[in-house]
Every structure is written in C-alpha cells, then in structure tokens.
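Notes to accompany the following structure.
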Amino acid sequence: MSTWQERGKSPPSSPTSSSSLKPSVYDDSTLHGSLPVKTKLTMGIGESVQACYTVICGFFLNAYLLEVACLSPNYVGTIQLIQGLFDAFNDPFIGTMSDRTRTRWGRRRPWLLFAAAPLGGCYFGIWNTLEDGVSEGVKFGFYLCMYMGISIGITCIQVQIGALVPELTLDYDERTSLSVYRLGIGNLIALVAVMIHSAIVTSFHDEGEIDKGYQLSGAIFGSWICIAAWTTFWNIEEKFDPDLEEKDEQLSTLDGLKIVFQNKAFLIVVGIYLCGPTAVVLVQTNILLYCKYILGNEDLVDYIIGIVQGMALIVLPLWNFVGQKYGKKMSYYIGGSILCVSLASLYFVEEENTALIVSCFIGSCLGIPYMIPYSMLPDVIEEDELKTGKRREGVYFGFFTIFLKLSVTIALSFTNFALSAAGYEKPTSTCGVGLTEEEMEAAAALPDTQPDGVISVMRFMVGPCPALFFILAIFMVWLFPITRESHQENAEVIKRERNRRSIQLESKKAAELGKMVLAKSNGVDDDVMVDIDNNQL
C-alpha cells in the first residue's frame with residue numbers, strides 16, 4: 001500500500017498537470033483594444049459628479065453667497081482661500097490612500113461607494129440660507145464647513161475617476177476617446193443639470209423666494225451626486241493586478257510629493273491644467289454679475305450658459321478627431337488660440353447679441369482645457385512606471401486635482417477680494433436688512449447698481465485676465481515632451497516588463513506548490529510547512 005493510501009489521503013495533483021500551474025503571461029489584450037461603450041458611458045456618469053458641481057457652483061455659487069446668503073466679499077474670499085489650502089493637504093493624502101487600498105471591490109471603487117452620501121449632504125447644505133439676523137461670523141462658519149465637506153467629497157470621487165483611466169486602457173488614442181466620452185457625457189448631464197437649476201431658481205425668484213429655489217435645487221442634485229457615484233461603483237470593473245506591482249516599501253505623502261515634482265512632464269501638464277481651468281473659472285464666477293451689472297439683463301446668463309455648454313458638447317467629437325489625427329498639442333494650439341481671442345473681446349462687449357456670438361466661439365473650444373491635459377496625464381504616469389516599476393495613479397491624480405481646486409481657489413478669492421477693494425455693495429433687492437416691507441418692494445423695482453470701480457473689475461475678470469492665462473497654457477503645451485511616437489515606445493517597454501513580472505509570479509507559485517508536494521510526499525504536514533515558510537520569511 002502506498003504512503004498516501006496508508007494515511008487515508010488522496011495523492012495531490014501533479015504539478016505539471018495542475019491547472020493552477022498552467023503557464024500564463026500578463027494578458028493586456030483588453031488594455032490595448034477598444035473599451036466597451038458601456039464602460040465609457042459609465043465613466044461619463046462618474047465624471048458628472050464633478051461636472052455638475054463645477055458648472056452649477058461655477059456659475060451660481062459665488063453670486064449666491066454674495067447676493068442671497070448676503071456674505072461680504074471678504075468673508076466669501078476667505079472661505080474659498082481656506083478651503084483651497086485645505087485641499088492642498090487632503091488631495092495627495094486621499095490619492096496615496098487610494099493607491100494603498102486593497103478590498104474585494106478593488107482599490108478605487110470603495111471610495112465611490114462610501115464618499116457619495118456625505119458629499120451629497122454637504123452639497124445640499126451649502127444651498128441653504130440661514131435665518132435673518134444671524135451674524136456674518138456664524139454664516140462664515142456654516143458655509144466654510146459645507147464648502148470643506150464638498151471639497152473632501154469631490155476629491156474622494158474625482159481622484160478615483162481619474163485614476164481609473166490608465167488602468168482601463170494602455171492605448172494612446174483610446175485614452176483620448178475615453179476622455180472625450182467622460183467629458184462629453186459628464187458635461188451633457190451638467191448642462192441638463194444647470195438648466196434645471198436655473199429654471200428652478202428663476203421660478204422662485206419671480207415669486208420673491210429665490211432662497212427656496214436654491215434649496216430645492218440643492219436637494220435634487222445632492223441626490224444625483226449619490227446616484228452617479230453609486231452607478232459608477234456598480235458598473236466599472238477594475239483591471240489592476242497588485243501581484244504585478246513591484247513590492248517596495250510604501251510611499252509616504254511627502255515621498256509621493258517628491259516623486260511627482262521631480263517629473264518634468266507632470267509639472268508641464270499641471271501648468272497647462274492650472275492655466276486653463278483658472279481662466280474658465282474666472283469667467284464662470286463673474287458672468288452672472290457681468291450680465292446683471294454691465295449688460296443690464298441678469299436673465300441673459302441662462303442663454304449664455306446654454307450656448308456655451310451646448311456648443312462644447314456639439315464640437316467635442318470634432319476635437320476628438322483633431323486630436324487623433326493631428327495630436328493633442330495641435331488641438332490645444334487651435335482651441336487655446338480661439339479661446340484667447342474670444343475672451344479678450346469680452347472686455348469691450350456692450351450689446352447682448354454680441355455677447356451671445358462670442359459665447360458660441362468660447363463654447364466651441366471649452367472642452368480643450370480639460371480634455372487635453374486629462375489625456376496627457378496617463379502618458380506621464382506610464383513614464384514614471386518605466387522609471388520606478390510602480391503605478392501611482394492615485395498620487396498623480398491626487399496632486400492633479402489639487403491644482404484644479406487651487407486654480408478655482410485663486411480665481412474665486414482674487415475675484416472677491418478685488419470686488420471688495422473696488423467698493424462692492426450688497427444689493428438692496430435681496431440683502432436689504434433693516435428695510436421695511438414697503439422699502440424692500442421699492443428697492444426690488446429698481447435695478448441694482450455698483451460703483452464704476454467694481455464694473456471695471458468685472459470687465460477685467462471676464463476678458464483680459466483669462467486670455468492671459470490661455471497664452472501661458474499654449475506655451476506650456478509647446479514644452480510638453482511626450483509625443484505619440486515616444487508614448488508607443490513606452491507602452492511596448494511596459495508590456496514587456498509586465499510580462500516578465502507575470503512569468504516570475506507564475507514561476508514562484510509553481511515553486512511553492514512543488515515544495516508543498518515534496519513535503520507531503522516526505523510526510524511533512526501542512527502546518528509544519530507553513531511554520532517553515534514563515535521562519536524563512
């Protein structure tokens with residue numbers, strides 16, 4: 001009787017015949033092919049979380065805090081400054097934690113699941129006004145808390161959406177296509193959202209209850225934020241394999257900061273991204289006040305938003321074609337130049353029709369300052385992988401998101417401090433505290449006005465200032481070192497390296513199983529083998 005029969009055990013499968021030892025090489029076929037349309041649509045829904053926040057708050061939040069919540073410009077600017085500095089700490093921290101996350105759902109998806117509800121709650125909270133008579137200090141504390149809650153939530157969601165791009169595909173053109181889908185679907189949803197928001201606010205404004213309109217809109221889109229994040233969680237399959245990553249020591253946030261700031265290509269992409277959205281946010285932040293106090297028609301902002309966002313969606317496929325045929329850099333040269341000239345002209349615009357025509361040109365290129373940097377960043381991450389053997393999407397996208405938020409912080413804070421210095425006055429139609437009901441009705445019947453200095457600041461913020469930022473962005477694009485050819489070379493090297501790691505991993509598994517078989521054939525129990533392995537470790 002054999003040794004195995006004596007012990008009442010079945011002999012183990014031969015290592016050479018075990019399916020678990022079947023040779024396998026890193027399978028990257030799905031990473032080089034076309035992504036399913038469902039995946040691209042899902043990423044677009046995920047992108048809509050930030051898109052809805054960026055579009056609605058970009059156009060309305062600053063004016064809401066000034067003219068509905070009735071905070072002074074200095075308080076509003078200070079809130080935005082504190083929140084922006086706070087972002088500088090939470091973004092890289094969350095990015096690093098995302099890279100280190102290991103769960104049965106993956107490392108990105110759990111953040112989408114658990115961050116959605118708190119973000120939706122804070123988004124709803126910021127659109128609630130406090131009772132009359134509440135001090136500005138209390139208002140300051142309340143809106144600061146809501147703003148910082150939104151900041152953390154957006155970071156938790158957007159870092160994951162961005163970090164999933166290089167994990168879903170290695171193909172140069174497919175990444176551009178994915179970026180187009182992300183921005184296209186995200187902005188389409190945001191366009192619908194901002195039009196609904198505007199309709200709600202306008203209907204309540206006509207009834208003299210504009211604060212309730214903002215509150216209702218906050219509840220609707222706070223709920224959508226949760227739905228969009230959870231939809232992405234359920235429908236995205238992560239492709240990251242931690243076994244194929246080099247097992248070096250984990251990086252601290254400070255080490256991650258050193259790595260990203262030693263990457264020249266990353267710094268250039270950050271510069272491009274810093275300039276573009278800063279210019280856009282300057283226009284977004286001031287366009288409502290620009291329409292109200294310079295063009296004399298506050299309702300015109302609804303048409304401008306519709307034209308700009310609508311044109312951005314219509315033309316986005318064209319920019320995808322230009323990017324794939326002529327490259328990312330040429331796309332930015334063309335789109336950035338059109339934006340520069342169009343924005344500069346707003347300083348001189350006096351007529352409503354002229355403003356609408358200029359809006360068409362701005363909208364036709366609005367996707368460029370977002371689409372191109374987002375499609376460049378995965379190329380930068382792969383260049384880092386070639387040097388370090390690690391994929392640090394979370395770290396890079398964490399710092400990348402910092403600069404988006406810092407650009408918003410700089411734009412908003414500078415705007416409000418400049419308005420305060422120029423002598424901004426709270427409108428009596430909505431902030432006439434202490435007036436009788438008859439005086440309020442009389443004030444509402446007259447158009448609100450601002451001093452000439454404030455008018456000049458508003459003109460500068462929507463015209464020459466953002467145009468200068470796009471000139472700088474175009475120069476940074478010219479400096480970007482990664483081309484289509486160099487990217488393809490990098491992709492081939494990465495493919496070979498991942499195959500090497502996969503073969504090493506399979507060899508290691510085969511050796512371990514061989515040791516187990518040999519030990520059992522010599523009468524060594526499993527528990528003893530575990531102890532031996534642990535001692536060897």
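From the backbone N, Cα and C atoms, a Cβ is placed for every residue, glycine too.
As recorded in TrEMBL, the features of this protein are as follows:
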- 1-25: region 'Disordered' (REGION)
- 15-24: compositional bias 'Low complexity' (COMPBIAS)
- 110-128: transmembrane segment (TRANSMEM)
- 140-165: transmembrane segment (TRANSMEM)
- 185-204: transmembrane segment (TRANSMEM)
- 216-236: transmembrane segment (TRANSMEM)
- 265-283: transmembrane segment (TRANSMEM)
- 303-323: transmembrane segment (TRANSMEM)
- 330-349: transmembrane segment (TRANSMEM)
- 355-374: transmembrane segment (TRANSMEM)
- 395-419: transmembrane segment (TRANSMEM)
- 460-480: transmembrane segment (TRANSMEM)
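Note on the transmembrane segment (460-480): residues 265, 268-269, 271-272, 275-276, 278-280, 282-283, 285-287, 290, 329, 332-333, 336-337, 339-341, 343-348, 369, 372, 376, 415, 418 of its chain, located 6 or more positions outside it, place their CB under 8 angstroms from a CB of the stretch. Note on the transmembrane segment (303-323): residues 55, 59, 176-177, 180, 183-184, 187-188, 190-191, 194-195, 198, 287, 291, 330-331, 334-335, 355-356, 359-360, 362-368, 371-372, 375 of its chain, located 6 or more positions outside it, place their CB under 8 angstroms from a CB of the stretch.
Stretch with the largest number of CB pairs closer than 8 A to the transmembrane segment (185-204), among 216-236, 265-283, 330-349, 355-374: 216-236.
Taking Cβ pairs closer than 8 Å, the transmembrane segment (330-349) reaches residues 272, 276, 279, 283, 290, 295, 319, 322-323, 355, 358, 361-362, 364-369, 371-372, 459-460, 462-464, 466-467, 470-471, 473-474, 477 in its own chain, all 6 or more past its ends.
Comparison of 110-128, 216-236, 355-374, 395-419 by number of C-beta pairs under 8 angstroms to the transmembrane segment (265-283) places 395-419 first.
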